[in-house]
Amino acid sequence: MAKTLLHGTLHVTIFEVDHLKAGSVVVFSESLRRTLRKPLVLAKGTPKIYASIDLDKARVGRTRMIENEPNNPKWNESFHIYCGHPSTNVIFTVKDDNPIGATLIGRAYLPVHELLEGEEVDKWVEILDEDKNPISEGSKIHVKLQYFDITQDRNWAHGIRSSKFPGVPYTFFSQRPGCRISLYQDAHVPDNFVPKIPLSGGKFYEPHRCWEDVFDAITNAKHFIYITGWSVYTEFALIRDTRRPKPGGDIMLGELLKKKADEGVRVLMLVWDDRTSVGLLKKDGLMATHDQETEEYFRDSNVHCVLCLRNPDDGGGIIQGLTISTIFTHHQKIVVVDSEMPTSGSENRRVVSFVGGIDLCDGRYDTPFHSLFRTLDTAHHDDFHQPNFEGAAITKGGPREPWHDIHSRLEGPVAWDVLFNFEQRWRKQGGKDILLNLRELQDVIIPPSPVTFPDDDETWNVQLFRSIDEGAAFFFPQTPEEAAKAGLVSGKENIIVRSIQDAYIHAIRGPKISFILKISIFLEALLAGIQRILKMRTSVLCILIPKELSLKIVSKIEAGKRFTVYVVLPMWPEGIPESGSVQAILDWQRRTMEMMYKDIIQALQANGIEEDPRNYLTFFCLGNREVKRDGEYEPSEKPDPDTDYSRAQESRRFMIYVHAKMMIVDDEYIIIGSANINQRSMDGAKDSEIAMGAYQPHHLATREPARGQIHGFRMSLWYEHLGMLDDTLALPESVDCVQKVNTVADKYWDLYSSETLENDLPGHLLRYPIAVASEGNVTELPGTEFFPDTKARVLGAKSDFLPPILTT
C-alpha cells in the first residue's frame with residue numbers, strides 16, 4: 001500500500017484493551033515458532049502492560065505501564081503528536097515489560113487513509129500477532145484519533161499574527177508576558193566591536209556582555225545563587241578584558257562562590273556526574289568536565305555542590321539503565337540569583353535567571369573576534385582549550401579552539417520558571433532539602449510579576465521549555481488528564497517533558513520568510529537507514545525537525561513564495577576529527593542534508609523551477625585564519641611533525657567551534673537554549689536540556705519587517721561572521737541576500753582552504769564544504785575530500801561498531 005504524508009497534528013487517545021490474556025499465557029507467531037522451536041512466553045511475575053503508537057516504524061508515543069491488570073488494562077491517555085511522516089498505518093503495539101526489555105503481545109493497525117478527512121475516528125481495533133493473525137480471545141484495543149492537516153493550523157505560514165499570540169500549546173510552562181531579555185553573542189563583547197545597526201523608533205542595537213553580567217549577578221546576590229551545568233570549573237576568571245576592569249574581577253569563580261556562601265548567601269550547585277571520571281579511566285573523565293575536581297574543591301565549604309547522574313527512565317531495562325546513566329548527561333546551563341530591583345532606592349529583591357549554551361567552565365571565554373593565536377599570552381594563556389588534537393597544550397602553541405556560543409538573561413515572571421526548574425531538580429537529586437524558602441522572604445523578594453508595562457516597546461513575552469523526566473525532577477502532573485494538558489508524555493514508568501522539540505516544530509511551522517539556525521549537532525536519524533542497520537523501530541523526534549524545515553521550504557516553493565533557511569554548524573563535532581564517533585556523526589549529518597535537499601529539488605523540478613537549491617537551504621561553518629604578527633606568544637615546544645596539530649599551526653587556521661543552540665524566525669521570534677537538534681537532546685529521557693522562546697509583541701513582522709532586538713541581534717551576529725554590514729542583509733528571505741551571503745561564504749572558504757594567505761581572513765562565515773548533485777545527493781566539494789590540515793573525511797563514514805544511540 002502506498003504511503004501517505006501525514007503533515008500536521010495527530011490527536012490520539014488510547015483507552016483500553018479487552019479480553020487480554022497475559023501472565024503465563026503463550027503468545028507466539030508461526031514464524032517465531034519456526035525460528036525458536038518453542039513458544040514465546042510473556043514474562044512471569046507482575047504483568048506491566050503498556051501500549052505504543054507508531055507511524056509505520058516511527059515511534060511517536062507510549063503509554064505508562066499498567067500493573068496487575070493483565071486482562072483489561074485501561075490507560076485513558078491522550079497524545080498531541082506533531083507529525084511529518086509518510087505512513088501507511090497508525091500502529092498500536094501492546095507489550096508486557098520485563099527487566100531485560102519487553103515481550104510483544106501484539107499490534108493493531110489503523111490505515112492512515114481513514115484519518116485524511118479530518119473526522120474523529122473512535123473504534124476498537126483488532127490486535128494481531130507478527131503474522132497478522134488475531135491473537136487469542138480476539139483481543140481489541142479501543143482508540144480515538146483525529147488528524148489535523150498542517151493547512152488547518154491558523155498560524156501556518158503566517159508568523160506571529162499579533163501580540164496576543166499565546167505561545168506553544170500543551171507545555172508545562174505557559175508563556176509569560178511582561179518580561180525583559182538580554183541576548184548574548186559569545187561570553188564577552190569588547191568595546192571595539194561596534195556595529196551600527198538601526199532598530200525601529202530611531203534606536204540602535206547595543207550588545208550585552210554575558211560573563212560581565214553573570215559576574216555582577218553573583219557578586220550582588222544577597223540571598224541565593226543556584227547553578228546547574230554540564231561542567232562547572234572553579235579555576236577561571238569571568239572578567240578578562242583589561243579595558244573593562246571590575247573591582248575584584250580577577251577572582252576565580254570557585255573563590256567567588258565560596259566568598260558569597262561565607263557571606264550567608266545560599267549557594268547550591270547541580271553538576272553532571274560524569275561516570276567516566278574515575279581512576280580506572282581518568283580523573284577528569286572522557287569529557288574533561290572537572291566534576292570530581294569541582295566537588296573536591298567545595299567539600300567542607302559553605303557551597304553545596306552535588307554531582308548528579310543522569311538517571312534513566314525507571315521503566316527501562318537493566319541494560320538501558322546502565323547505558324543512559326553512563327553516556328547521557330545533564331546538559332542544562334542555568335544561573336538563578338536574587339537581584340536588586342531595576343529602580344533605585346528599593347530594598348526589595350527579585351529573581352533573575354540566565355539560560356543558554358555557555359557552561360561556567362574553561363574553554364568558553366571568547367569574543368566575536370575568535371583569535372587563534374593572539375590571545376595566547378593574555379586571556380587564553382591559562383585557559384587553553386584544544387580537544388581536537390592529541391597532546392595539545394599551551395606550551396606547544398596554537399591554534400586554540402575558538403568558541404562561539406549564545407546565552408540569555410531573563411527577567412520577570414519567566415525567571416521564576418527557571419527557578420522552579422532548579423527546585424524540581426534539587427528535590428530529586430540534591431540530597432538535603434536546603435533550598436531557600438522564598439515564602440519566608442516574601443517581604444523581601446517580590447513574587448512573580450511583570451518588569452515592563454504592556455505598552456513598553458521593549459517588553460518581551462517568554463516561554464520556558466525543557467527536555468527532562470522524573471528521573472531528574474520532582475512534581476510533574478500524575479493523572480493522564482493533567483499530563484496531556486501540560487504536553488507531557490509517558491515513559492514506561494516516568495513522566496517525560498519534550499517541550500523543546502515541540503517549540504522548534506511550532507516555530508518552524510509558523511514563519512513567513514526565513515530561518516537562521518545555529519546548532520552544534522544537526523541530525524536527522526534517517527528512519528529507513530536505521531531500520532536497515534538495526535532492523536528495529538526507532539524514535540521519531542530527531543527525524544521530525546529537519547523534515548519540518550524541508551517541508552516548510554517545499555510548501556513555499558509550491559506557493560510561489562520566497563523562503564530561506566540558513567544553518568550554521570561546526571566544521572565537525574568537537575573531538576579528534578578522524579575518530580569513529582566524529583566520522584559517524586558526520587555521516588548522519590550528510591544524510592540529514594541529503595534528505596532535505598532531495599525534498600527541495602523534487603519540489604523545484606515539479607514546479608518547473610531551475611534554481612540553485614542553496615537559494616532555499618544553505619549550510620555554513622565558522623573558521624578563522626591569522627597571519628603571524630610580531631610580538632605573538634612563542635611556545636617553548638612544538639607539536640609532533642606530520643600531525644593535524646602541526647599542519648594547523650603551520651597554516652595558521654582552525655575552525656571556530658559552533659556550540660550555539662539558537663533559531664531566529666522572521667526576525668521576530670527566537671529560541672535559545674542548551675539543546676542540539678538530535679535525538680539525545682530532544683528525547684526528554686536522555687540528556688536533560690533547557691531553552692527559552694521569546695518575542696517582542698511590539699516588534700512583529702506583520703505589515704513590515706520586524707526591527708526589534710531580535711533583528712538587531714541577528715544583524716550583529718552576521719556582522720561578527722561576515723565582517724561587514726550591508727543593506728541587503730536586512731532582508732534574509734530575499735534572493736539578493738542569500739546569494740550575497742553564499743558568495744561571501746564561498747570566497748571565505750576559498751581563502752581559508754588555500755595554500756597560503758597574505759592577510760587575516762576578512763570574516764568567519766565559511767561555506768560548509770559540500771556540493772549538491774542534481775538529484776539532491778550530497779557530495780564532496782571538488783578538491784575537498786578531507787577537512788583542511790586533517791585526514792578526516794568531510795562526508796564522514798558509517799560506524800560498524802558505534803550504535804546510533806551514541807551518535808544521534
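Glycine is no exception: its Cβ is also placed from the backbone N, Cα and C atoms.
As written in Swiss-Prot, here are the features:
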- His331: active site (ACT_SITE)
- Lys333: active site (ACT_SITE)
- Asp338: active site (ACT_SITE)
- His659: active site (ACT_SITE)
- Lys661: active site (ACT_SITE)
- Asp666: active site (ACT_SITE)
- Asp186, His370, His404, Glu720: Ca(2+) binding site (BINDING)
- His331, His659: 1,2-diacyl-sn-glycero-3-phosphate binding site (BINDING)
- 1-125: domain 'C2' (DOMAIN)
- 326-364: domain 'PLD phosphodiesterase 1' (DOMAIN)
- 654-681: domain 'PLD phosphodiesterase 2' (DOMAIN)
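Feature map: Swiss-Prot annotations on the structure.
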{"residue": "Asp186", "record": "Ca(2+) binding site", "CB count, 10 Å": "28"}
{"residue": "His331", "record": "active site", "CB count, 10 Å": "27"}
{"residue": "Lys333", "record": "active site", "CB count, 10 Å": "27"}
{"residue": "Asp338", "record": "active site", "CB count, 10 Å": "25"}
{"residue": "His370", "record": "Ca(2+) binding site", "CB count, 10 Å": "24"}
{"residue": "His404", "record": "Ca(2+) binding site", "CB count, 10 Å": "27"}
{"residue": "His659", "record": "active site", "CB count, 10 Å": "24"}
{"residue": "Lys661", "record": "active site", "CB count, 10 Å": "27"}
{"residue": "Asp666", "record": "active site", "CB count, 10 Å": "24"}
{"residue": "Glu720", "record": "Ca(2+) binding site", "CB count, 10 Å": "24"}
Starting from the Ca(2+) site formed by Asp186, His370, His404, Glu720, give every other residue of that chain whose CB sits within 8 Å of the mean position of their CB atoms, in sequence order. Gln185, Asp366, Thr367, Pro368, Phe369, Pro402, Trp403, Asp405, Leu622, Ile656, His721, His764
Sort the residues of the domain 'PLD phosphodiesterase 2' (654-681) into helix, strand and coil with DSSP and give the three counts. 3 helix, 14 strand, 11 coil
So, in DSSP terms, is Lys333 (active site) helix, strand, or coil? coil
Quick check for the class: what is the C-alpha distance, in angstrom and rounded, between His331 (active site) and Lys661 (active site)? 12
Compare the C-alpha of His370 (Ca(2+) binding site) with the C-alpha of each of the active-site residues Lys333, Asp338, His659, Asp666, and give the closest one. His659
Residue from Lys333, Asp338, Lys661, Asp666 whose C-alpha is spatially nearest that of His404 (Ca(2+) binding site), among the active-site residues: Lys661
Please name which of the recorded positions listed here, Lys333, Asp338, Asp666, Glu720, is nearest in space to His659 (active site), Cα against Cα. Lys333
Is it possible to list how many residues within the domain 'PLD phosphodiesterase 1' (326-364) are helical, extended or coil according to DSSP? 2 helix, 17 strand, 20 coil
Argmin Cα dist to Asp666 (active site) over the recorded positions Asp186, Lys333, Asp338, Glu720 returns Glu720
Cα-Cα distance linking Lys661 (active site) and Glu720 (Ca(2+) binding site), given in Å to the nearest integer: 17
Inter-residue C-alpha distance, Asp186 (Ca(2+) binding site) and Lys333 (active site) (nearest angstrom): 14
About how far apart, in whole Å, are the alpha carbons (Cα) of Asp338 (active site) and Lys661 (active site)? 26
DSSP on Glu720 (Ca(2+) binding site), three-state: which is it? helix
Lys661 (active site) and Lys333 (active site), distance between Cα atoms, whole Å: 12
